[in-house]
Amino acid sequence: LLTYINFCSVKLYVYMQNIFTVSKIIVCVIIIVVGAYCLISNSSTGSSETLISTGFEGTNTEVRSIVLAFYSCLWSYDGCIENVTNEVTKLESAWELRSMRNILLSIVIGVPLVTVIYCFTNVAYMSVLTRSEMNTNATAVAVIFGDKMLGVMSFIMPLGVALSTFGCALSIQFSVTRLCFVAGREGHMMEAFSYIHMRRLTPAPSVILQGLIALVFILAGDIVELIDFASFLIWTFYGTAMVALLVLRKVKKDTHRPFKVQIWTPIFMIFVSLFLILVPIIIHPTSKYFIALALIGVGFLVYVPFVYFKRQPETLIKKFTHVTQKLLEVVPPENQPD
């Protein structure tokens with residue numbers, strides 16, 4: 001269903017995403033208001049001692065546990081605006097300033113808003129639920145909160161969790177498919193992945209590829225293992241991206257930069273990335289981390305001969321492109337570089 005929505009129409013995606021985002025915020029606001037009421041009124045159904053005194057009892061302070069906790073936490077806060085700037089930025093100079101402004105506003109408004117909502121939502125949970133209730137039902141804290149506080153309206157919580165999960169997955173797929181689209185356009189993947197549907201104007205080959213890859217990983221493991229696996233990969237590339245930023249600051253000093261941050265920001269991110277990458281694999285090496293490294297190695301082995309040295313099986317690629325165009329009704333975009 002996610003793949004169909006992103007394949008079908010960008011406008012449909014935006015419409016659906018707006019619905020899910022508003023629904024998620026409404027559910028979070030309900031949780032925050034109920035939690036605040038219990039905390040302020042000292043309601044008998046509340047459990048403020050969890051928030052005030054016992055909330056962090058039994059905390060595991062092992063370094064590996066802290067890293068894995070960061071994986072799950074940072075996964076919740078992870079955004080995708082940097083992956084879809086191509087959808088926002090207009091090539092015409094008259095639109096450039098407005099496009100840059102929209103990107104900046106989405107970050108400046110979105111990150112603090114998400115931070116405030118998530119923090120107060122957790123405060124609300126700890127104002128109502130005991131530690132044992134949260135630990136016993138760790139995979140569905142919002143549902144337990146609803147059962148305890150909302151009575152006949154408790155169905156709002158599982159519905160809200162479902163809408164939130166679906167909306168998050170929808171936005172992640174939208175952003176990742178644009179990465180494949182740009183990689184194809186820049187010659188880092190087969191050119192066919194940079195093609196768009198003739199009528200729907202969506203990067204159909206990239207959408208379908210991402211859907212198939214996601215299906216394989218869904219069948220391969222549970223959500224916690226997948227989050228740890230994906231987070232390890234994500235922070236590996238975040239770190240290398242920050243290294244690349246420092247290098248480009250040095251070798252291309254005069255390049256136009258619509259957004260520029262202080263040099264300590266990428267340096268700090270490099271140290272964070274190293275911490276989140278090295279600690280799990282050194283302290284508790286498991287197969288998922290080595291599989292992730294193996295995937296990076298495979299990508300390197302593909303990149304060097306086929307992209308860097310441009311030794312490509314042209315007949316096979318042309319055949320793949322021809323079949324893809326016929327099967328999916330896709331064509332090169334108008335602004336496709338030569």
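The backbone N, Cα and C atoms fix where each Cβ goes, glycine too.
Curation plays no part in TrEMBL annotations; they are all automatic predictions.
According to TrEMBL, the feature transmembrane segment maps to 19-40 (among others).
Per TrEMBL, the feature transmembrane segment maps to 103-125 (among others).
The transmembrane segment annotation in TrEMBL covers 155-181 (among others).
Taken from TrEMBL, the feature transmembrane segment covers 201-220 (among others). Proximity of distant same-chain residues to the transmembrane segment (201-220), defined by a Cβ-Cβ separation under 8 Å and at least 6 residues beyond the stretch ends, is recorded for 2-3, 6-10, 173, 176-178, 180-181, 184, 192-195, 226, 229, 324, 328-330.
If you look up TrEMBL, you'll see 232-251 (among others) marked as transmembrane segment.
According to TrEMBL, the feature transmembrane segment maps to 263-283 (among others). Tertiary proximity for the transmembrane segment (263-283) is limited to same-chain residues at least six positions away from its ends with a CB under 8 Å from its CB atoms, namely 62-64, 67-68, 70-71, 228, 231-232, 235-236, 238-239, 242-243, 245-246, 249, 289-290.
Long-range contacts of the transmembrane segment (289-309) within the same chain: residues 187-188, 229, 232-233, 236, 280-281, each at least 6 residues beyond the stretch ends and with a Cβ under 8 Å from a Cβ of the stretch. Residues annotated as transmembrane segment in TrEMBL: 289-309 (among others).
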